[in-house]
């Protein structure tokens, strides 16, 4: 402490005596080298040229000099999370009046490596470098300077690299297709897909032309939703609101509406009623003479696409993250090909309707299969009720379940006591009116209390961005998981890997600090953390350590081996 005070007084005296602001020949010149941007990560080197005879104090603490400090900003306001690698410095020991003073500095020139994540290519022109440094020869200078990195990037930056070349675009199109295809086999989608393919089997006895027309409308429904989702994403991105995959599942209104729809579909499969739109209704809503079968297929396509967004799949997060870091055209392209990937089973049937011959003709097995699918729908409802329980209080959840039971009994009673058309009309009116009223009544919960409520496991620390940074700075191994109750992949990873005694022993033996971020409800801090790591979908798992302080992002599907490998890579 005494050494610091002596130096500070000495430093101030020199500053007052010389008033060194800037020489005709600058003591320190900066240049940017080796710029690489791959659409996600920006890397570049900072070359600091030090005037002959001067010492630039390094980032290490010294008894003389203020440590070198570099920070990256966007628009001079938002500090970016970045990894800065300082080269080894020269260490010098001086004995003054019997006391040892250590100084760490650079001479002549030094090269500092910097890497960070950038939201999109347009932000490259908004980057600023803030550098605090001290230089000494017979005098000492302490400065803070801000450099607009746009001035150092070449005019071709962002175009000569591989951010927009055809190969990269093609790669992410393929990733989008695969991710969309895998969505069909996720728990939230596969039951509806099976049911829809069976409905096409029923049409097989008519004509291939009719099958194709119905499939086209179904595919169009899927594509329409994803294009709509892309447009909404672009709008939200431009006005600065939260964007990401599946965030609408943070809204309890949406969850309750989805529960209601799934229960109606389950009741339909169980044979409680046959829900069909009347010809009069279809005639009134459309002047295009679209028959009710085609109209139904279009909205079924929309519905399965909406339901699919509650799942994430391998490759999907990569595709979504890439598109969200690019311009609007990339977002539209990637979302379109996710839709095409999800539509692949139906496109194959469209190309070759004879594929339906491999599916048995409707018979007794179909009735049993429908009941099996109804059970899957009910299980989806149970899962959504679990999600809802983490968004509203328990009393409201019980009231909502009671409301559904009463609505079901009243609807069945009306169906049995009135003629078919009037009962359906009354049931639809009753359902909409009571649902709107009841949902508004029960969704009076305290978001600040429910947001990131008690963690399932005491071993996990609640998410704290600053605490994570502190632990990483202290050379601890840190593992962060971002999860949500509405994320099916997250729950599978927790069940099979993370909530396992074996993995906790590995964490304990390696002294891994565990942090869990619950994204069930909207949380700006978690969103910013995802954004800082160039991610917009969950799950996200990241491992920090002494050898990788910027973090090693793991794949969406976890295994014991992947976690062990990540620990060894960062420690």
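Just so it is clear, glycine is given a Cβ too, placed from its N, Cα and C backbone atoms.
Per TrEMBL, the feature domain 'Cytochrome C biogenesis protein transmembrane' maps to 172-385.
Residues or ranges marked as transmembrane segment in TrEMBL: 169-195 (among others).
According to TrEMBL, the transmembrane segment annotation covers 215-241 (among others). Taking Cβ pairs closer than 8 Å, the transmembrane segment (215-241) reaches residues 196, 200, 294-295, 297-306, 309, 324, 328, 331-332, 334-336, 338-340, 342-343, 346-347, 349-350 in its own chain, all 6 or more past its ends.
Per TrEMBL, the feature transmembrane segment maps to 253-273 (among others).
Annotated transmembrane segment per TrEMBL: 294-317 (among others), in sequence order.
TrEMBL lists 329-351 (among others) with the feature transmembrane segment.
Annotation comment: TrEMBL describes 372-388 (among others) as transmembrane segment.
The annotation transmembrane segment is assigned in TrEMBL to 423-443 (among others).
Stretch with the largest number of CB pairs closer than 8 A to the transmembrane segment (253-273), among 169-195, 329-351, 372-388: 372-388.
Sequence-distant contacts of the transmembrane segment (329-351) (same chain, six or more residues past either end, CB-CB distance under 8 Å): 169, 172-173, 176-184, 193, 196-197, 200, 211-212, 215-216, 218-219, 222-223, 225-227, 229-231, 233-234, 237, 305, 308, 316, 319-320, 322-323.
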